[in-house]
Amino acid sequence: MERDGVEEGLGSATSPLLLAENSTGESSEPTGDHSITPLLVFSTFVALCGSFSYGCSVGYSSPAESGIMEDLGLSVAAYSVFGSIVTIGGMIGAILSGKMADLIGRRGTMWICQIVCMAGWLAIASAQNAWCVDIGRFVVGVAIGILTYVVPVYISEITPKNLRGRFTSATQLLVCCGFAVTFFAGSIVGWRALSLLATIPNIVQTVCLFFVPESPRWLAKLGREKEFEATLQRLRGTKSDISEEAADIRDAIETLKHTSDEARTLELFQKRYAYAIIVGEGLILLQTFGGNSAVSYYLGTIFDKANVSTSVGPIVFALLQIPISIVTVLLMDLFGRRTLLMASATASCLCSFLVGLSFCFQELHYLKELTPILTVVGIMGFGCGFALGMSGIPWVIMAEIFPVNIKASAGSLVVLTSWASSWVLTYTFNFMLEWSSAGTFFIFSGMCALTILFIWRLVPETKGRTLEEIQSTLISS
């Protein structure tokens, strides 16, 4: 049976904190537990620059909105194209990501992505018209669409089982950091300078990738045995016994070779996988249409409509999500996935309703002085609530519910769904606000309420269970 240490595709990318899998047995596979080494930490840091880049791209459109619209004379519709076109690029990147990472390796894919991402930011910084900023934003989208796949894949493939959960969970934390830094910098510098600052993580990763090893699992898939063993030994430390882990990797890869990509894609549509697909796709769609992407991309617009400072408010919003993301990592294995998801969806539902109510007062010219206060409280609460669970846990569950034979194709489907639904929401959000600010957030509140029902009825608790137990339960349901 395949070991969870060699899961391929997006699923392995976000492998959860399954540290308690063997806590009840006496044979806890001690050779599978390894200490943290300097090379492992450095390699993870270099990979996480890609997650930081993603955070920068998400946070860019809000602080840059007024400057770009004024300097380039963009209408609301034109800026909606600019804000949302990154998600179209992300869809292209999602399609390319799996094949690209397999053909040229995880490290090579990250290197190319950062070069492409840098070119996109430079195009935005030098743009003199709408089509140039749109092309730059699209190019950035393609790069981060690939990075959202390959970064966690690389981290999960270089880390041992006992550390994988904590290390891969750092991807969401670095996204929040990039998001916060971009908001803070955007309040100080103009949109052109901000796009140049966004190239810093690109430069750092591009240079540092020369000093980190390739994924040992990718080397093993290519049959490069000497490089595979040498790389794994370096990552685990010279005194670590890697014999059992190396044997497990070889066995799982040998098993995977008997299942072609075509077969895995066809298997995805079998009836026995319907429950897992419904849970995965449902969580991702509800995650998007709960409003997080729209709030993150157009936070300045929301605060401006509520007469709240567009310089201070977004910075506080972004900074609050960092400690909440840390709390999520610490609590995930303590309270379980379902509990955090339910708490997150409930908080988001109530806070979205509060924001809708504040705009309702404004539109009805009744207690209008409460609108800024209620909006700030509601938006801050929404951001913290979403960061508590709905922001990252759906991707953890993706890692747990899909069997290894459909994991790559199911992961690609989920990533594509995420980017496609994000495009729909980010493009239409400004038009929704013009239609009714209150109505927009009441819709988000309703979607969060539907999320609570969906989680309660369909999403399984996966805490403390092996991947085989989780998947056999879902398939037999």
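Yeah, the Cβs are placed from backbone N, Cα and C, and that goes for glycine too.
According to TrEMBL, the transmembrane segment annotation covers 39-60 (among others).
Taken from TrEMBL, the feature domain 'Major facilitator superfamily (MFS) profile' covers 43-463.
Taken from TrEMBL, the feature transmembrane segment applies to 72-96 (among others).
The transmembrane segment feature in TrEMBL is assigned to 108-129 (among others).
What TrEMBL lists as transmembrane segment is 135-155 (among others).
Per TrEMBL, the feature transmembrane segment maps to 167-188 (among others).
Summarising the annotation, TrEMBL assigns transmembrane segment to 194-212 (among others).
Residues or ranges marked as transmembrane segment in TrEMBL: 273-299 (among others). Taking Cβ pairs closer than 8 Å, the transmembrane segment (273-299) reaches residues 58-59, 61-62, 65, 83-84, 87, 179, 183, 267, 313-314, 317, 345, 348, 352, 379, 382-383, 386, 390-391, 394, 397-398, 401-403, 406, 410, 413-414, 417-418, 421-422, 425-426, 429-430, 433, 441, 444, 447-448, 450-451, 454-455, 458-460, 471, 474-475, 477 in its own chain, all 6 or more past its ends.
Among residues of the same chain six or more beyond the transmembrane segment (311-332), those with a C-beta under 8 A of the stretch's C-beta atoms are 16-17, 59, 62-63, 165-166, 169-170, 172-173, 176-177, 179-180, 182-184, 186-187, 299-300, 303, 340, 376, 379-380, 383-384, 387-389, 391-393, 396, 463. Marked as transmembrane segment by TrEMBL: 311-332 (among others).
Within the chain, the transmembrane segment (339-361) has long-range Cβ neighbours (under 8 A, six or more residues past its boundaries) at 290-292, 302, 305-306, 328, 331-332, 367-368, 370-375, 377-382, 384-391, 393-394, 436-442, 444-445, 448-449, 451-452, 455-456, 459. If you look up TrEMBL, you'll see 339-361 (among others) marked as transmembrane segment.
Through the fold, the transmembrane segment (373-398) approaches residues 10-11, 14, 16-17, 169, 172, 176, 279-280, 283-284, 286-287, 290-292, 295, 299, 302-303, 306, 308, 313, 316-317, 320-321, 324-325, 327-328, 332, 337, 340-348, 350-355, 357-359, 361, 410-411, 414, 441, 451, 459, 462 of its own chain, all at least 6 residues removed from its boundaries and within a Cβ separation under 8 Å. Annotated transmembrane segment per TrEMBL: 373-398 (among others), in sequence order.
Per TrEMBL, transmembrane segment is recorded for 410-429 (among others). Sequence-distant contacts of the transmembrane segment (410-429) (same chain, at least 6 residues past either end, Cβ-Cβ under 8 Å): 9-11, 13, 80-81, 83-84, 87-88, 90-91, 93-95, 97-98, 145, 148-149, 268, 273, 276-277, 280-281, 284-285, 287-289, 291, 293-294, 297-298, 398, 402, 440.
Within the chain, the transmembrane segment (435-456) has long-range Cβ neighbours (under 8 A, six or more residues past its boundaries) at 282-283, 286-287, 289-291, 294, 302, 305, 338, 341-342, 345-346, 348-350, 352-353, 355-357, 359-360, 362-363, 378, 390, 429. Summarising the annotation, TrEMBL assigns transmembrane segment to 435-456 (among others).
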Discussion item. So, taking each listed stretch (72-96, 167-188, 194-212) in turn and counting its Cβ pairs to the transmembrane segment (135-155) that are under 8 angstroms, which one gives the highest count?
Written reply: 72-96
Discussion item. If I take every residue in the domain 'Major facilitator superfamily (MFS) profile' (43-463) and average their pLDDT values, what number comes out?
Written reply: 84
Worksheet item: Under an 8 Å Cβ to Cβ limit, what residues of the same chain, 6 or more beyond the ends of the transmembrane segment (108-129), are close to it?
Response: 47, 49-50, 53, 72, 97, 100-101, 135-144, 146-147, 150-151, 154, 191-193, 195-196, 198-199, 202-203, 205-206, 209, 214
Practice prompt. Using a Cβ cut-off of under 8 Å, list the residues of the same chain at least 6 residues beyond the transmembrane segment (72-96) that approach it.
Written response: 57, 61, 65, 127-130, 133-134, 137-149, 293, 297-298, 412, 415-416, 418-420, 422-423, 426-431, 434
Worksheet entry | Same-chain residues at least 6 beyond the ends of the transmembrane segment (167-188) whose Cβ lies under 8 Å from its Cβ atoms | 13-17, 44, 48-49, 51-56, 58-60, 62-64, 151-152, 155-156, 159, 194, 197-198, 201, 296, 299, 311-312, 314-315, 317-319, 321-322, 325-326, 328-329, 332, 387, 391-392, 395-396
